[in-house]
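Data block below; observations after.
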Amino acid sequence: MTIGNNTAPKKERKSSKKGKQVDENAPLLPKTHGEDGGFDEFNGASFPGAVFNLSTTIVGAGIMALPATMKVLGLVLGVAMIIFMAFLTEASIELLLRFSRVSKSSSYGGLMGDAFGKVGKNLLQVAVMINNIGDVLSGTTADGIHHPGVLEGWFGVHLWNGRTAVLLITTLGIFSPLACLKRLDSLSYTSALSVALAVLFIVITMGITIVKLINGSIMMPRLLPDVTNMASFWNLFTVVPVLVTAYICHYNVHSIDNELEDSTQIKPVVRTSLALCSSVYVMTSIFGFLLFGDSTMDDVLANFNTDLGIPYSSFLNDAVRVSYAAHLMLVFPIVFHPLRLNLDGLLFPSSRPLNQDNVRFASLTIALISVIFLGANFIPSIWDAFQFTGATAAVCLGFIFPASITLRDRHYIATSKDKMLCVFMIVLAVLSNGVAIYSDAYALIKKNSSPTA
């Protein structure tokens, strides 16, 4: 296996801080070196650090698409679906953890036996994140119309704040240093800041909404979906990829579990993270849709490029967009970590753990960051590709694969309730996402075939 960790065995780590006698003559600095040549003084990740890391894995680039799902489903059904998907995600993660304990597998890739689908999904996801950062900071051009970014609005159009230059500086100055950290626990503070930035977006949106409610400039939002014909009915399924992708975090669960000081904490970590992220999602969806109503765009961030109709509108717009860009920068290393780990497992299945081979670690890091940078800069309409991954790779990782493992039941530990739940997961995933793929493909073809003026 290529997936290793720097931690001590779980039982030793759990008891390492209990009943331990302090030797007053012991040196202040450790004398034992780890296998990679550094000091081996890591005693396991903390509960808060694990919660923030898993929460940051969940709250990624898809958060800005959630208010648009309220426009399609209505507030009541939309909020209900967000909560329902949280419970379904918890159930699928519980199945993964239970079967990985029995199979003695320390990673999702090892449990699945094939990391290609996860590698492809993660690679595209981090490329989309960098692409979105470029859109926010340096602007984007669509249908012949240029939407200026924050830096262009502040300083005007220059070579140094163009898209390629901004992404190059961000990649070298932020992404690369954070990507060089070998343990997820080392990212716990940046993950906490990332979650705080997501909360800041909610606070700003809530404040704007309350002001506009007071002055009476917000209309009553739609509570239920507006289904008038078959086309509007099929349109309901187009939001499924957004909802499913929003909770995908399975590829990091095992890595976080491996680093925990007490392995029995992983289930509370998962529940706490899902509760936190569900709250963030519900608040983002409600106040984003309340604020913009039927004008809510597929990416609500685009709505913060217009006059909000209140004092300091320009300042608030910039605050939202800059905080979102900073949030994505801090999400990047959390998603990049499993991408590198699983690609290594795919290419070097018999090699020693990646964290013990500095040359292989550095080579994979440089190669992946280069590919992601080029993809974010030079692949047109990468968001269109992300729509399809949400309808395919995401449901496979989150629901179809865990359900398939449970139904196979090699160790005869699955209950009838487990199998019924797994059949429901597979049927729901296949049917709903089949319709979603068709709807997205139809919309894309219609968009490309529409006559230009």
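Placed from the backbone N, Cα and C atoms, the Cβ positions cover glycine too.
Remember, TrEMBL labels are computer predictions, not curated facts.
Now, the feature entries from TrEMBL:
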DOMAIN    45-438  domain 'Amino acid transporter transmembrane'
REGION    1-33  region 'Disordered'
TRANSMEM  45-66  transmembrane segment
TRANSMEM  73-93  transmembrane segment
TRANSMEM  160-181  transmembrane segment
TRANSMEM  193-214  transmembrane segment
TRANSMEM  234-253  transmembrane segment
TRANSMEM  274-293  transmembrane segment
TRANSMEM  322-339  transmembrane segment
TRANSMEM  359-379  transmembrane segment
TRANSMEM  385-408  transmembrane segment
TRANSMEM  420-445  transmembrane segment
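The highest tally of CB pairs under 8 A with the transmembrane segment (45-66), across 73-93, 234-253, 274-293, 322-339, 359-379, is held by 234-253. Beyond its flanks by at least six residues, the transmembrane segment (73-93) meets 66, 221-226, 236, 239, 243-244, 246-250, 253, 270-271, 274-275, 277-278, 281-282, 285-286, 289, 398-399, 402-403, 421, 425 of its own chain at Cβ-Cβ distances under 8 Å. The transmembrane segment (274-293) shares the most Cβ pairs under 8 Å with 193-214, out of the stretches 193-214, 234-253, 359-379, 420-445. Away from its own ends, the transmembrane segment (193-214) comes close to residues 52, 55-56, 59, 63, 276, 280, 283-284, 287-288, 290-291, 308-310, 316, 319-320, 323-324, 326-327, 330-331, 334 of its chain (Cβ-Cβ under 8 Å, at least six residues beyond either end).
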